[in-house]
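Chemist: These came from Swiss-Prot, pasted as-is:
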ACT_SITE  D114  active site
ACT_SITE  D131  active site
TRANSMEM  10-30  transmembrane segment
TRANSMEM  38-58  transmembrane segment
TRANSMEM  59-79  transmembrane segment
TRANSMEM  84-104  transmembrane segment
TRANSMEM  122-142  transmembrane segment
Amino acid sequence: MLKTTKKSLLVFMGGFFLIFGVDQAIKYAILEGFRYESLMVDIVLVFNKGVAFSLLSFLEGGLKYLQILLILGLFIFLIRQIELFKTHAIEFGMVFGAGVSNVLDRFVHGGVVDYVYYHYGFDFAIFNFADVMIDVGVGVLLLRQFFFKQKQNKIKA
């Protein structure tokens, strides 16, 4: 039991630091002036003061503290739900690494460093690698939970 918990913690930390590091490296390149333009996607620098689609931007500086509370609350929840943590350590590592990276941006740059602008056929919100990793992590977690439960139900039947 302890061995699987240690392994899960290592997997979590590996995912956390990988996503955090890659995201911060990309943001560094953007902050140093990297730009790209095409018919579909542009790489531009935007400081997002809100969350997705600039929601909650009216909270200004308080948003980063709200996000810290959310991250800490989720982490405390996971400590108490150790089986959930062990089952989805990589997904939680991705989500936490990306979330902490975005919160760090708020403290260092005054807003999240966003840069991917999709505009082919319609304008989409500008986002970053961390945003994608949060979506992927949550998506994989939900898919695994759904299919795992389906598999468990078939075994019981």
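The chain as shown is numbered from 1 upward.
Including glycine, each Cβ sits where the backbone N, Cα and C put it.
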Chemist: What does DSSP call D114 (active site) in the simple three-state scheme?
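Modeler: Assignment for D114 (active site) reads strand.
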Chemist: What is the separation, in Å, between the Cα atoms of D131 (active site) and D114 (active site)?
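Modeler: D114 (active site) has its Cα 9 Å from the Cα of D131 (active site).
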Chemist: Could you tell me what the rest of the chain brings near the transmembrane segment (10-30), counting residues at least six beyond its ends with Cβ under 8 Å?
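Modeler: Same-chain residues near the transmembrane segment (10-30) but 6 or more away: 43, 45, 85, 89-94, 96-98, 100-102, 104-105, 113, 115, 128-130, 133.
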Chemist: Mind giving me a neighbour count for D131 (active site)? Other Cβ atoms within 10 Å of its Cβ, every protein chain shown.
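Modeler: Its Cβ shell of radius 10 Å holds 21 other Cβ atoms.
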